[in-house]
Amino acid sequence: MKQRSLLSILCFILLASGVASVSAQTCIENRKYFTPNGTYDSNRRLILSSLPNNTASRDGFYYGSIGEEQDRVYALGMCIPKSTPSDCSNCIKGAAGWLIQDCVNQTDAYYWALDPTLCLVRYSNISFSGSAAFWEIEPQYLVLNTATIASNLTEFKTIWEDLTSRTITAASAARSTPSSSDNHYRVDFANLTKFQNIYALMQCTPDISSDECNNCLQRGVLEYQSCCGNNTGGYVMRPICFFRWQLFTFSKAFHNITLATTPPLSPPPLQRPVVASQPPSADNRDKKRDNSSGKISMKTILAIVVVGIVILIIISGILARRFARKEKPYQEVELNQTGITSVRSLQYKFKTIETATNNFSERLGHGGSGHVFKGRLPDGKEIAVKRLSEKTEQSKKEFKNEVVLVAKLQHRNLVRLLGFSVKGEEKIIVYEYLPNRSLDYILFDPTKQGELDWKKRYKIIGGTARGILYLHQDSQPTIIHRDLKAGNILLDAHMNPKVADFGTARIFGMDQSVAITANAAGTPGYMAPEYMELGEFSMKSDVYSYGVLVLEIICGKRNTSFSSPVQNFVTYVWRLWKSGTPLNLVDATIAENYKSEEVIRCIHIALLCVQEEPTDRPDFSIIMSMLTSNSLILPVPKPPPSFIPGRPNQSTTRPSSQNINDGRWSLLKMMFH
């Protein structure tokens, strides 16, 4: 049975190699280059991370920018019309990820993602909105099927040329506003035989003129004909236009379209074209190709190499699994009981951890779920070991939750999980060791808080936002932290923040905006009002917690130290803001060693985060833009919740917060450019 399965896989690979590979990203080489991990790179990553949400929520098209002067990055996202928000967001997210991965230092790049839907992502260091200078960038990735039309070629070309001609005319006509993906878009098909259609899709960016769109598409069709006119499908891509045709539907683009009437042809009804596995010989267009039966083409060589590599990988995987089965897994029953067998490769033997921590002798701190100890593995790596003290079912769930979630997360502002261990009721989580411990350990200690000057605090504010932005927009799946606080921000040797403690975190579906729980988990003072009162949590409840955290970082005091019968922490800050004295909040240990405009801007952002209504709060992509672009004008904040004893329950008066990501921030998002 296993041999048959392996044979099926290999056969599939060999068959698939008969189709040319799709590589639709273009890192433009004739422009400037940036320094990886520099300011331009950070701005590039930031604006690309915000594209999925901005594009999906804006009629399938978004253009904006972030940064200043030479570090300014312009970006565009576009989906085909009638894409679902989920399909559009996923497509843009995938395309942006490929650009970040493959275009390591190019300041200009674009990517057409082809399936399961079609979308475009482009970024540049110069503004390109409405620019049709496509001829300076040669068409990239003329991708085609290696099969060809072997009979009825004349009749086929007549139908094909008519289809592409009318599709160009329809696509280039302006039908809606320049900010809608429905502008300059058309799909159509034509009957080839009774049982076979030809399908075509054409799209231009909606911000160019009809003539520019027409010229770009016409040029693409002519280039395809001169290159690959006998093939059974293909595409031509430029930064501003896209053309594809196939003998099958694609990109979820052909639902509910009306077939335009095909002009009558003088020849008799067509027979179904014969698709040959090899290109036809003796055609002037194909003279550049090497059709000699005595020579092996480069495409064939590449296919053989790829197949060989894949076979080696499969064989290596099979051998590795066989060897792994020979070693009996330890604590198999207990591991299965935790429900985390999918990450079993991260499991340490309990004895290893016991030895590494010298029998748990050097305690670093204590949290709500247990003690944290310092250790050293046999290879010399320093580790932090969380030893869960509670034995309840809830603690088991949080243990499983944290291990499974954190094991999949990779970001410089998220703590890195190294492994775990289970022995009976003992449950251990192993993290990277961070020498400066947690933020609260330094921030709220009068003898240590002087180590955090304003520059370090500002770095912690920005780094924490980047970490949560990753959880909300860039991780798969979306994660709501639910317990963001100073004690859950760890600091490395350079005071870079790393978000930690995912025991109470929850996963959100792609289209999910809010969830309700009967057991609100979190820390009083950081919890949003809708979460405390109604059990509603969302991305915006994390935003609220972040706002409180930012204010704590500025003042150097716990939020609980400001509570009184008439006000709480956020209302105290609000009164300072309204009285025009926000700098009275600043920690005295910072003295005058700070930029007042930066501090005031951070207080302003924090007050936007702690507004009472979830829909009034910015999402983290906007927060990052506020922190990195001083030219962005901030909205006037609304009053925060007071939580004063005796206050009427808000649940009877608060409007529904089901639509967490409504349009209140759309104007601000449009200001990126």
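Glycine residues also receive a Cβ, built from the backbone N, Cα and C atoms like all the rest.
So that you can see what the record holds, here are the features copied from Swiss-Prot:
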CARBOHYD  Asn37  N-linked glycosylation site
CARBOHYD  Asn53  N-linked glycosylation site
CARBOHYD  Asn105  N-linked glycosylation site
CARBOHYD  Asn125  N-linked glycosylation site
CARBOHYD  Asn152  N-linked glycosylation site
CARBOHYD  Asn191  N-linked glycosylation site
CARBOHYD  Asn230  N-linked glycosylation site
CARBOHYD  Asn256  N-linked glycosylation site
REGION    264-292  region 'Disordered'
CARBOHYD  Asn291  N-linked glycosylation site
TRANSMEM  300-320  transmembrane segment
TOPO_DOM  321-673  topological domain 'Cytoplasmic'
BINDING   Leu364, Gly365, His366, Gly367, Gly368, Ser369, Gly370, His371, Val372, Lys386  ATP binding site
MOD_RES   Tyr431  phosphotyrosine
MOD_RES   Thr523  phosphothreonine
MOD_RES   Tyr531  phosphotyrosine
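Ranking the recorded positions Asn37, Asn105, Asn191, Val372 by Cα distance from the residue listed as 'phosphothreonine' puts Val372 first. When the alpha carbons of Tyr531 (phosphotyrosine) and Leu364 (ATP binding site) are compared, the span between them is 31 angstrom. The candidate set comprises the modified residues Tyr431, Tyr531. Of these, Tyr531 has the most other Cβ atoms within 10 Å. Distance noted between the C-alpha atoms of Leu364 (ATP binding site) and Tyr431 (phosphotyrosine) is 13 Å.
Taken residue by residue with DSSP, the residue listed as 'phosphothreonine' is part of neither helix nor strand, so it is coil. When the glycosylation sites Asn37, Asn230 are compared by the number of other C-beta atoms lying within 10 angstroms of their own C-beta, Asn37 comes out lowest.
Counted over every protein chain shown, other Cβ atoms within 10 Å are most numerous around Asn125 among the recorded positions Asn125, Asn152, Thr523. The Cβ neighbour count for Asn53 (N-linked glycosylation site), using a 10 Å radius over every protein chain in view, is 23. Summed and averaged per residue, pLDDT over the topological domain 'Cytoplasmic' (321-673) gives 80.
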